[in-house]
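> Swiss-Prot lists these features:
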type	residues	note
DOMAIN	5-70	domain 'J'
ZN_FING	134-212	zinc finger
REPEAT	147-154	repeat 'CXXCXGXG motif'
BINDING	C147, C150, C200, C203	Zn(2+) 1 binding site
REPEAT	164-171	repeat 'CXXCXGXG motif'
BINDING	C164, C167, C186, C189	Zn(2+) 2 binding site
REPEAT	186-193	repeat 'CXXCXGXG motif'
REPEAT	200-207	repeat 'CXXCXGXG motif'
Amino acid sequence: MAKRDYYEVLGVSRDAEEREIKKAYKRLAMKFHPDRQSEDKNAEEKFKEAKEAYEILTDAQKRAAYDQYGHAAFEQGGMGGGGFGGGGGGADFSDIFGDVFGDIFGGGRRQQRASRGSDLRYNMDLTLEEAVRGVTKEIRIPTLDECDVCHGSGAKPGSSPVTCPTCHGAGQVQMRQGFFTVQQACPHCHGRGQIIKDPCNKCHGHGRVEKSKTLSVKIPAGVDTGDRIRLSGEGEAGEHGAPSGDLYVQVQVKAHPIFEREGNNLYCEVPINFAMAALGGEIEVPTLDGRVKLKIPAETQTGKMFRMRGKGVKSVRGGSQGDLLCRVVVETPVSLSEKQKQLLRELEESFVGAAGEKNSPRAKSFLDGVKKFFDDLTR
């Protein structure tokens, strides 16, 4: 049976932030945990499915691989023989179950960890030549960076955060609701277990400041529209010393005046005059490496495709290079002189009769078909 989409399993959008994913998983864990669900026979499977989706979508590297390759990224042999282990162990679910079941039954006495910085996205436009050959570009992005005065602590230099007097450093407080004692994040320190009594004058206790930074981004040869390049740790700074998020550079290749790209192949149209189409000859055609000669055989028709091997795009993942496919278009002459028109009339007259049928077999076949069509109508 085919696996369901991980975003569909958790009921979140594909651009959902980590906190939305965590919230959705907590809801499903509450609903389908085997210790709490006895009526639904499929509860255990649904629980495992949600757990697997959570593990993948809260790991930035695994999520990026899933967004690009789907479930194939975690199948045996996927992602070039390595990939990422899918649905197995390795994830720390203590933060989830401490929240879900600790809130209900009174467990999970621990501080809320400082939030990791948000991931950022930058849309980069490339010419076809840049995408095919690779390029290094400098980009400037607005972001939240670690405060250079307090170094991310949020406290004024010479001071430090102090233990929260409300929760005494636990990050959580207990509230009584009927027969139950429920734990929730401390409203004073917001679950951190510490407060800043003397905040930094520059960041006002946040540990982060708004700024722009310039980065040098190396674009590998062979990228195409839709490819993403991940720059680890170049997203927004985390709260109070937590890890920074990542920066994702989204590639968009601009339209080219001559070539169209499909995968690793390039396509172009090559106009030729009807004399060359009939008699044959040699023309120069453009490639990304310069001009090359293309031999046109006699009696070439519009739409004829000529393949030039190895003149396309080299795969971004290595391996063979694509081809250039040139589609011939026979051009009808315009702005003819009287002499040229007279020569064409003489040529046209030579096509009359049996000789003409031999010169234009497709036209004869078409006319025979039209004649048969009308004959059938009159019967």
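Glycine is no exception: its Cβ is also placed from the backbone N, Cα and C atoms.
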> For C200 (Zn(2+) 1 binding site), list the number of other Cβ atoms lying within 10 Å of its Cβ atom.
22
> If one measures from the C-alpha of C203 (Zn(2+) 1 binding site) to the C-alpha of C189 (Zn(2+) 2 binding site), what distance in angstrom results, rounded to a whole number?
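Each residue's Cα considered, C203 (Zn(2+) 1 binding site) and C189 (Zn(2+) 2 binding site) end up 18 Å apart.
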> Average the pLDDT scores across the repeat 'CXXCXGXG motif' (164-171) and report the rounded value.
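For the repeat 'CXXCXGXG motif' (164-171), the model's average pLDDT rounds to 86.
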> So which binding-site residues are near C186 (Zn(2+) 2 binding site), with CA atoms within 10 Å, out of C147, C150, C200?
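So far as Cα distances go, none of the binding-site residues lies within 10 Å of C186 (Zn(2+) 2 binding site).
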> Tell me the Cα distance separating C200 (Zn(2+) 1 binding site) from C189 (Zn(2+) 2 binding site), rounded to the nearest angstrom.
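Approximately 17 Å lies between the Cα of C189 (Zn(2+) 2 binding site) and that of C200 (Zn(2+) 1 binding site).
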> Compute the centroid of the Cβ atoms of C164, C167, C186, C189, then list the same-chain residues not in that set whose Cβ lies within 8 Å of it, in sequence order, for the Zn(2+) 2 site.
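In sequence order, the nearby non-listed residues are P165, T166, H168, G169, A170, G171, Q172, V173, P187, H188, H190, G191, R192, G193, Q194, I195.
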> Which are the residues of the chain, C147, C150, C200, C203 excluded, whose CB is within 8 A of where the CB atoms of the Zn(2+) 1 site average out, their centroid?
D148, V149, H151, G152, S153, G154, A155, K156, P199, N201, K202, H204, G205, H206, G207, R208, V209
> Which residue counts does DSSP yield for the repeat 'CXXCXGXG motif' (164-171) in the helix, strand and coil classes, in that order?
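Helix (H, G, I), strand (E, B), coil: 0 helix, 0 strand, 8 coil.
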> Cβ-Cβ under 8 Å from C167 (Zn(2+) 2 binding site), same chain, 6 or more residues apart: which ones?
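Spatial neighbours, sequence-distant, of C167 (Zn(2+) 2 binding site): V173, C186, H188, C189, G193.
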